[in-house]
Structure formats: C-alpha cells, structure tokens
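Q: The structure that follows is given in the form of structure tokens.
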Amino acid sequence: MVSIRPDEISSILKQQIADYDKSVSVSNVGTVLQIGDGIARVYGLEKVMAGELVEFEDGTEGIALNLEDDNVGVVLMGEALGVQEGSTVKATGKIASVPVGEAMLGRVVNPLGQQIDGKGEIATTDTRLIESIAPGIIKRKSVHEPMQTGITSIDAMIPIGRGQRELIIGDRQTGKTAIAIDTIINQKGQDVVCVYVAVGQKQASVANVVEVLKEKGALDYTIIVNAGASEAAALQYLAPYTGAAIAEHFMYQGKATLVIYDDLTKQAQAYRQMSLLLRRPLGREAYPGDVFYCHSRLLERAAKLSDAMGAGSMTSLPIIETQAGDVSAYIPTNVISITDGQIFLSSDLFNSGLRPAINVGISVSRVGGAAQTKAIKKIAGTLKLELAQFDELAAFSQFASDLDEATQKQLGRGKRLRELLKQPQFDPLNLAEQVAIVYAGVKGLIDEVPEEKVVNFARELRDYLKTNKADFLKNVLSEKVLSEASESMLKDAISEVKSSMLAA
C-alpha cells in the first residue's frame, strides 16, 4: 500500500503557489467565417482598427480594410494556404512597416521589405511605416534643382526638377520603362538614391531591368521593389507605398531620391479587385470612389524639403498605361491632375522610328522650368516652338504641291531637329553633350547636312568633343552656363565635324 506523505504534498503546493504568475494576457481574437480570392471575412476582432495588421494561425499576415457591423473584411498578403474557415485571427495592434536604410541599396525586395534576390537577409534595424503623411507646405521648398534624365528631348523641352512628380504616359510597348531606366542610369555619380517599383510586371521583365542596372553600374544606388503579376492583389496595391517609404527615409536624411512607379494602372486594377471582393460600392469604370485618394496620397509624398528639414528631395515618375492612346480614361485623367506635368509617348511616333517617342505637343512640365540649367534653357527656348510649327507644316505640306523656299527650309530644319533628338536606349547624354546637340540644330548649323546623316553627325560630334574639346565639356558641366569661350569652341567643333562629313 502506498503511504501518503503530507509534507511532500505541502512542499509541492507551496512551490506551485510561489511560482504562480498573476499576469493576464488579453488579445483581440477573431474567427475566420469565409475565405477565398485573397479575402477573409472574420467574426470578432471588435477592437481592430482600419488598416491594422492581423495575423492568422499559419503566420500569414493580412490588413483589416472593411470594418462592418458583424464582421471584418481582411485582405491577405500572400497565398494563405493554411488559412481555413474556423481558423483564429489575432490583431497585432500595428500598421504595416518596412525595413529601410543603406543596407537596402542594390537589393530586390517584396512589398513587405523581405529580400527576394537570394543574397541573404538585409542587415538593417531601421523601419518606417508604409503609409505616412506627406510633408506640409511649411516643410517644403519650391522645386529649383534639375533632375537630369539624360534624354535630350526631355531635359531640353520638358525639364524635370528634384521634388517634382512627372507622369510618363503612353500605350504598351512605347518605351515608358526605357525612359525611367535611362533616368536611373543617368544618376550615376550624382548622389541620388533610386527606387524602382515594379507592379504587376512579368518576372522576366524585372529580371531584365535588374541585369541592365547591374551592367551599367546603377544597381549600387538603386533599390527594387517587386510585386509581380502572380502576387496577391494586396501586395500589388502596397508596393508603391513601400517604395515611397524606402525613399522617404533617405529624403529626411537630406538626400535626393528618385522613385519610379511602374505602373500605377496595375496598382489601380489591384485595388479595384480588392474593393469589389470586399463588396465596396463601385464608381466609374468599376473603380471604387477613393481610387483618386489612393494615388493622390502616394504622389503627394514627393517633395523638395526646406533647408530646415534637411533640403532632401523625392522625385516621382509614375507610369500609366493607356489603351489606344485614350488619355481621357478615368485613371489617366486622375493621375494627370495630381502630377506636375506629363511626358506623353505616342505609338505612331514609336512605329515611325522616332525613339524616344515623345509627343512634344501635348507633353508639359509645369514646374520644371524653374529648375532647368541656364546653359540649356538659353538655347532650347525656341526648340519646342519650332517642332510644334514643323508638325503643323508637315501636316499642311501633304496637301500642298509647291511650297515656297522659306517653308521648305523650315520643314528641312524640323526634320533635322527630329533626327537630332533620336537617342538609343540606355545611352543617356550629359548636360554638355545635350547643349552641343541642341545648339547645332536650333542655330541652323546642320541645315546642309543630309537628313539621313544627322544621327551619325550627333554621334560624331559627341566623340569629337570628348577627344578634341574636353575643355568645352568640363566648362559647361562645372559652370552650368554656355559662356562665349565655350560657344566659340562648340562652333569650331560643329564646323569641323560637318566639313569632314560633307567631304566624305
């Protein structure tokens, strides 16, 4: 028979009483009622806030977007294969945030800031909220520094300033991404941090962009945020805000940053998908009523900060894809009204061989003029007007049989200007080279050069300046003005190249 030892029992009880933990944990918990199409309906979660992160049993995260009387609509950030009806959901009390900092440079991340390039974890402890309020009026300064794209037609006629929002708009396959990538490549040595946000793109296209940037030595100062076409709609919707948050970190440290959103059409479509699945009321083109706010709160985060705030800047280049050149559709008109100008790419110009295929007539920069350097402003003033007049004359001349000499001369110059502005992909020009090329065209110094040789002339002029007139390049780049001495050097170079071409 087992003997009972009261002393041992009492010592065990005393030990357990001594070890008793009085702390009580209270968590806001709910239950999944319904799951499908990346949306979960959750019962409970009474104290959850709009936009709050919630966590499912299997570790999947979601965002509470719809707060209804009897349930909460949650969008899932991931596949959520382990989430089922009856699973428990816990409110985290946090809003989505991403890692930020120098360690992100040269990396490819997803919209949650997790690495997807296989180079190991990102060693940074700094984080920033994905959604944050844009700087107010007092914290800003007017745009006054140029953001050189390296594309002559943009820097001469549609100049972009640091802190500006310039829309790149056009049909598919018209070179929108090419302009954005050229701009990133042109920031080499300028101490500008670039963020490229790919939304709904093919993985092969993003891999190609990474490869080009690596080849050109531009990946060292670039961060790529990728939400591919196969990702959940919630991640495609979040990606641009993640890119803005990463750039903001550097902006508030006093650095210049450039963010490219490629493209916001796909983000709007992802947001529409989420909203329709959440049973939100729909508006024009089935987009929800707050799709304008979705884009405006993103693009308002671009700013040129005041000196008191560190004088940093964030320049945004959102991309919008149009259908058959229709810029009056809902999303294009929304983003045009939010941004400080647009670069319109035409498929007709692209197919006719003019690349970059910029339609100068309807492209505009509303604030960039104040940021344009004096050197190019001085000579490019008449360029846009001449090209606009050429377009009118070219249309008119199709119906006219005999044209007077002045009209023929103007048409000839317009054609040569068009040829001069042609530029191969991934070959940005510096300021001095742009000044030289625009000067040659506007001053009529290449009117005798045959039209088919103009592209070669531009290339040879660049090579000649690099080898024989290095002082010209150095002076213009350092002084940012075209002095009389530089102008005479340029005239000599143009006449040398022209005479050697005409003699050949």
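Cβ atoms here come from the backbone N, Cα and C positions, even for glycine.
Pulled from Swiss-Prot, these are the listed features:
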| type | residues | note |
| --- | --- | --- |
| BINDING | Gly170, Asp171, Arg172, Gln173, Thr174, Gly175, Lys176, Thr177 | ATP binding site |
| SITE | Ser363 | site 'Required for activity' |
Q: Is Gly170 (ATP binding site) helix, strand or coil when read with DSSP?
A: strand
Q: Taking only same-chain residues 6+ apart in sequence, whose CB is under 8 Å from that of Lys176 (ATP binding site), what do you get?
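A: Spatial neighbours, sequence-distant, of Lys176 (ATP binding site): Ile168, Ile169, Gly170, Asp262, Asp263, Ile319, Glu321, Leu345.
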Q: Taking the Cβ of Ser363 (site 'Required for activity') as the reference point, list residues of the same chain whose Cβ is under 8 angstroms away and which are at least six residues distant in sequence.
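A: Expected: Met157, Ile158, Gly341, Gln342, Ile343, Phe344.
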Q: Tell me, by DSSP, whether Thr177 (ATP binding site) is helix, strand or coil?
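A: The three-state answer is helix.
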Q: Under 8 Å Cβ-Cβ from Gln173 (ATP binding site), six or more apart in the same chain: what's there?
A: Ser347, Phe350
Q: Which chain-mates of Asp171 (ATP binding site) that are at least 6 residues away have a CB under 8 A from its CB, listed by sequence?
A: Glu321, Thr322, Gln323, Ala324, Gly325, Leu345, Ser347
Q: Looking at Cβ-Cβ distances, which residues of the chain lie under 8 angstroms from Thr177 (ATP binding site) while being 6 or more apart from it?
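A: Expected: Ser205, Val209, Asp262, Ile319.
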Q: List the other residues in this chain whose Cβ sits within 8 Å of the Cβ centroid of the ATP site residues Gly170, Asp171, Arg172, Gln173, Thr174, Gly175, Lys176, Thr177, in sequence order.
A: Glu321, Leu345, Ser347, Phe350
Q: Tell me the Cβ neighbour count for Gly175 (ATP binding site), meaning other Cβ atoms within 10 Å of its Cβ, over all protein chains shown.
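A: There are 20 of them.
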Q: Over all shown protein chains, what is the count of other CB atoms within 10 A of the CB belonging to Gly170 (ATP binding site)?
A: 27
Q: Among all protein chains shown, how many Cβ atoms are found within 10 Å of the Cβ of Arg172 (ATP binding site), not counting that one?
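A: Within a 10 Å radius of the Cβ of Arg172 (ATP binding site) lie 11 other Cβ atoms.
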Q: When a 10 Å sphere is centred on the Cβ of Thr174 (ATP binding site), how many other Cβ atoms does it contain?
A: 27
Q: Helix, strand or coil: which one is Ser363 (site 'Required for activity') in, per DSSP?
A: coil
